[in-house]
Amino acid sequence: MATSSLKLTSACFVLLFIFVGCVLTATNLRNNEISRSRKLKTEDSKSFNSSPMTTRLDGVVELNEHAVTDPDKVAHEVSNLIHMSEQNITARRKLGFFSCGNGNLIDDCWRCDRNWNKNRKHLADCGMGFGSKAFGGRNGSYYVVTDHSDDDVVNPKPGTLRHAVIQVEPLWIIFKRDMVIKLKQELIMNSFKTIDARGANVHIANGACITIQNITNVIVHGLHIHDCKRTGNVTVRSSPSQAGFRGTADGDAINIFGSSHIWIDHNSLSNCTDGLVDVVNGSTAITISNNHFTHHDEVMLLGHNDSYTRDKMMQVTVAYNHFGEGLIQRMPRCRHGYFHVVNNDYTHWKMYAIGGSANPTINSQGNRFAAPKNHSAKEVTKRLDTKGNEWMEWNWRSEKDLLVNGAFFTPSGEGASGDSQTLSLPAKPASMVDAITASAGALSCRRGKPCY
């Protein structure tokens, strides 16, 4: 009897030792991943901030420096990070720990934190894709927006969003309360700014909207942007020392013009005069993620026009977005550059989902495409403004996309052969897209609780 008790006690100690070892292993895996990510981000941030770049960008050379030489490698690295995240989440679940991780690499990095409001700037460590080095105002002070008005676009009142975004120094901009901001003229941002609307219900609506022009390092997170109108032909301040005459603003929700290191994340965008997100005039190093797009015609334009060859260096990641109700086309519409479209949910379109001209490279991975009932609109892709069969040389790839309701993707170029050497590693399975994109759009965040 004593021998049996001794054996039972010994077995319990062995099991306890194994359990503790597993806990420490899983914790170390997660901590090592986070430490590595933060170290790389910090080193990149220090390097970037010590560069001789001015607040506003000028010329092709500076923007070229922000484009990577091997975009397929970046897509490969993104997939590796997704795989690492999945391994760590699986390890925690096997040990019986609760995990809020759902395979969305960006959200899994920060959304589980109940103290997100005390660690707001950790968001800047969580970017992925071509815009992963968009640090925004991480190295600056907080600026609290207390006033929803926009009465004076030349001499904006302190406490307003316009006053915040034109400042020269890095700023992390947050909001004291819920507010609806009706901008009289386009909101012209300055470099190294984060607009972080978590914890408040903030709408930019029924007026002008956001312009990111010839600047670098901007994060826009958590806004509702809708019903943007065409404005302009007035003087608008763009910095404390400069105000200038502005021509017509088209009425885009977010216009990114000649800028780099930009991250547009977790916004709800709809029903604007022109585009919802336009990326043009040599912009590069952009990530557009976790957004919810609805009720709009021309959703996303990536590339100025066919003759604007500076856009050949454009590199954009479009990830984890939900392209939803009432959309017609351009999700996105691409020119010249390299575009990684990964794990998005396409539940509605009336004409086509992904289109392009001027020989863009489009790498589509793990997306879910649900075609409309209209039999003439089942094709996901659309080549525009092409001569003869020249489009057959364009590299448009589809890898493990989920095509439902008769949807079909027409590959071309290297994509037509399915050559795995030219493709990055698989993204999350398209069957997981519903979970990954379930929280796309502006989140509901309360202090002391994870954001949902």
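Backbone N, Cα and C define each Cβ position, glycine as well.
Worth saying up front: this structure is predicted, and the values here are computed from it rather than measured.
Arg330 (active site): 28 other CB atoms within 10 A of its CB, across all protein chains. Feature annotation from Swiss-Prot assigns active site to Arg330; the stated evidence is sequence analysis.
The Ca(2+) binding site annotation in Swiss-Prot covers Asp250, Asp274, Asp278. Asp250 (Ca(2+) binding site): 18 other CB atoms within 10 A of its CB, across all protein chains. In the three-state DSSP scheme, Asp250 (Ca(2+) binding site) falls into the coil class.
Summarising the annotation, Swiss-Prot assigns N-linked glycosylation site to Asn88 (among others).
According to DSSP, Asn139 (N-linked glycosylation site) sits in a coil region rather than a helix or strand. Annotated N-linked glycosylation site per Swiss-Prot: Asn139 (among others), in sequence order.
Around the Cβ of Asn214 (N-linked glycosylation site), 22 further Cβ atoms fall within 10 Å across all displayed protein chains. Swiss-Prot lists Asn214 (among others) with the feature N-linked glycosylation site, giving sequence analysis as the kind of evidence.
In the three-state DSSP scheme, Asn233 (N-linked glycosylation site) falls into the strand class. The N-linked glycosylation site annotation in Swiss-Prot covers Asn233 (among others), and the record cites sequence analysis as its basis.
According to Swiss-Prot, the feature N-linked glycosylation site maps to Asn271 (among others), an assignment based on sequence analysis. A 10 Å cutoff on Cβ-Cβ distances gives Asn271 (N-linked glycosylation site) a total of 16 other Cβ atoms nearby, all chains included.
Annotation comment: Swiss-Prot describes Asn281 (among others) as N-linked glycosylation site, evidence class sequence analysis. Taking Cβ-Cβ distances under 8 Å and a sequence separation of 6 or more, the neighbours of Asn281 (N-linked glycosylation site) in its chain are Phe257, Gly258, His304, Tyr308, Arg310, Asp311. Under DSSP, Asn281 (N-linked glycosylation site) is assigned to coil, being neither helix nor strand in the three-state scheme.
Swiss-Prot lists Asn305 (among others) with the feature N-linked glycosylation site. Within 10 Å of the Cβ of Asn305 (N-linked glycosylation site) there are 14 other Cβ atoms, across all protein chains.
Packing around Asn374 (N-linked glycosylation site) is summarised by its Cβ count: 10 other Cβ atoms lie within 10 angstroms of its Cβ, all protein chains included. In the three-state DSSP classification, Asn374 (N-linked glycosylation site) falls within coil. Per Swiss-Prot, N-linked glycosylation site is recorded for Asn374 (among others), and the stated evidence type is sequence analysis.
Residues annotated as signal peptide in Swiss-Prot: 1-25.
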Nearest recorded site to Asn139 (N-linked glycosylation site) by CA-CA distance, among recorded positions Asp250, Asp274, Asp278, Arg330: Asp278
Set of same-chain residues at least 6 away whose C-beta sits under 8 angstroms from Asp274 (Ca(2+) binding site): Cys228, Arg230, Asp250, Gly251, Asp252, Glu298
Cα-Cα distance linking Asn214 (N-linked glycosylation site) and Arg330 (active site), given in Å to the nearest integer: 24
Cα separation, Asn233 (N-linked glycosylation site) to Asn214 (N-linked glycosylation site) (Å, whole number): 19
For the Ca(2+) site built from Asp250, Asp274, Asp278, further residues of that chain with CB within 8 A of the site's CB center: Ala249, Gly251, Asp252, Asn255, Cys272, Thr273, Gly275, Leu301
Glycosylation sites listed as Asn139, Asn233, least Cβ neighbours within 10 Å: Asn233
Proximal but sequence-remote residues of the same chain as Asp278 (Ca(2+) binding site) (Cβ under 8 Å, at least 6 apart): Asp250, Asp252, Ile254, Asn255, Ile256, Phe257, Met300, Leu301
Cα distance (Å, whole number) from Asn374 (N-linked glycosylation site) to Asn305 (N-linked glycosylation site): 29
